[in-house]
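Enquirer: Below you'll find the structure I mean.
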């Protein structure tokens, strides 16, 4: 007998992006969307089309780039939001509008200032309007976790009649315990029957998002909304990888249920989201944390070596992580072998990107004895970022900090111009680097976060630097990435990358403004 499928609705690009510091540009969102498609996600919530021109543009481009997953836009239960969602989804092969309105007493009274009957009327009108654009429409009861179940039944019956095919029950503030959420879903499942698919969207404020989601699946939910790495505002959302691997690992509990997720793509998806957002899972994070398959205890190590199942309930290879990080290529490896390795790692690159990445790889071979998969992933992530290079780092020179206040001299090449050289003194080498780049670009940035980590083990490991920089007050911080064996060079590259992203975003916003003024 074939298993009943649980739909995986990924909202990394919408709810996940609401995590502080996790903002992404359009090209980065497209890369994540294509990886989610490889992962086998059923529905990709690509954004909130009415929120900004940037969100609209990203959804539209993702809709063109992805064909195997349904592309979804969120919309409030108002016509202009729904129209924006429909327009942004026009290029999509498979598309869905996800509209919502709050249903809890506190939200209806204080936020909406509407009566329950007015809320039902608004919801029905929203579904009917969304259905005029496309067949697949989802409805969410915002703050359902604190809503009256009797009222939930009333509004769900009305939106089913209006044409909603999926009914989402969010625990918006992460308030409910598993048995409570399970009881709500069980009662609603018995009421709805096969008239629509029940969905859940659990937040992690009490650390229960995954537990609540799994309990709801057992109680009748057949779609679960989640994010890669549990990314999301406040304490985050239910983690996709934990839900999927729980269903896969506990066949004794979920035996008749399955997902379409290709679990071999879980690790690659986790790493991509972490690299782009700069938010890495904590080391002891289930499934994808770097300690998830590590055994330090001698007793545990002995048991695992004798028989893996003594202390491991799943294999690292199940999520696409090599159990031994193998040395993959060396200085004598050719372009063909490098291309095969890229394909094996799940990357799709253009001819130009392949050449650029291969050149970086050969240069790294001269600096490093052993090249690992993680080195190549890091190089590819940088070379496929598609951020316009308004400024390109040519070189840096740093003074000896022990001789007094350090200074940095930097050479940048501006697009279509000659090289520019300048220098500045700072409170440390990093500060001196950033001040010099600010002087050259004549744009002042304020550093909000700075992280450095080794890509692999060993003294000759590549340094990966992530910076978050605010170039304008009250605007989201821009993320920049830098990769080099020399940490200071990686730092300078990361800051220049953030600057280029900012300039690209500013140009895009300027074009959008001009278009709106013409209209």
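Heads up, the Cβ atoms here are built off N, Cα and C, so glycines get one too.
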Enquirer: Of the residues 25, 229, 237, only one is listed by Swiss-Prot in the Mn(2+) site with 15, 201, 203. Which is it?
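Expert: When Swiss-Prot describes the Mn(2+) site, the candidate it includes is 237.
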Enquirer: Under DSSP, the region 'Regulatory domain' (392-519) has how many residues in helix, strand and coil?
Expert: 48 helix, 46 strand, 34 coil
Enquirer: Tell me the coarse DSSP state (helix, strand, coil) of residue 237 (Mn(2+) binding site).
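Expert: Once the DSSP labels are grouped into three classes, residue 237 (Mn(2+) binding site) ends up as strand.
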Enquirer: Compute the centroid of the Cβ atoms of 15, 201, 203, 237, then list the same-chain residues not in that set whose Cβ lies within 8 Å of it, in sequence order, for the Mn(2+) site.
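Expert: Apart from 15, 201, 203, 237, the close residues are 11, 170, 172, 202, 204, 209, 225, 226, 227, 232, 236, 238.
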Enquirer: Highest CB neighbour count within 10 A among the binding-site residues 201, 203?
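Expert: Answer by Cβ density within 10 Å: 201.
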Enquirer: What average pLDDT does the predicted model assign to the domain 'Pyruvate carboxyltransferase' (6-267)?
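Expert: On average, pLDDT over the domain 'Pyruvate carboxyltransferase' (6-267) sits at 97.
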